[in-house]
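Record features (Swiss-Prot):
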type	residues	note
BINDING	Cys16, Cys19, Cys49, Cys52	Fe cation binding site
DOMAIN	11-62	domain 'Rubredoxin-like'
Amino acid sequence: MSEQAVENTVLDRFECRSCGYVYEPEKGDSKHDIAPETPFAELPINWRCPVCTAKKAAFSNIGPAGTASGFRENLGYGLGVNKLTPAQKNILIFGALALGFLFFISLYGLQ
């Protein structure tokens with residue numbers, strides 16, 4: 001299966017630039033009777049933001065949920081940390097802080 005075919009199966013989220021509302025295709029839009037798993041491109045032309053009633057043109061693609069943040073072309077740089085999701089980065093950062101704290105506390109045990 002090609003990379004392009006894989007990208008098309010993922011449902012991208014779209015964010016309203018006016019109010020910050022995020023349309024998530026997995027949930028749909030119960031206010032306008034939009035079924036779950038409906039891609040943004042298949043929404044009716046007269047669909048508007050449920051919060052501020054902005055048109056579809058006011059939305060920008062923010063990508064699928066749970067993916068690495070940043071531009072796709074930059075994910076290969078660095079030590080591999082760029083490919084981690086935000087939740088994985090939080091675990092890495094706070095885990096390292098906790099280990100560092102435990103290390104410095106363990107120095108009190110030295111005589």
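Glycine is treated like the rest: Cβ placed from N, Cα and C.
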For Cys16 (Fe cation binding site), just count the other CB atoms lying within 10 A of its CB, please.
21
Cβ within 8 Å of the Fe cation site's Cβ centroid: which residues qualify beyond Cys16, Cys19, Cys49, Cys52?
Arg17, Ser18, Gly20, Tyr21, Pro50, Val51, Thr53, Ala54, Ala58
Would you mind splitting the domain 'Rubredoxin-like' (11-62) into helix, strand and coil residue counts from DSSP?
9 helix, 12 strand, 31 coil
Distant-in-sequence Cβ neighbours of Cys49 (Fe cation binding site), under 8 Å, six or more positions away:
Cys16, Ser18, Cys19, Tyr21, Lys55, Ala58, Phe59
Count the Cβ atoms, other than its own, that fall within 10 Å of the Cβ of Cys52 (Fe cation binding site), considering every protein chain shown.
12
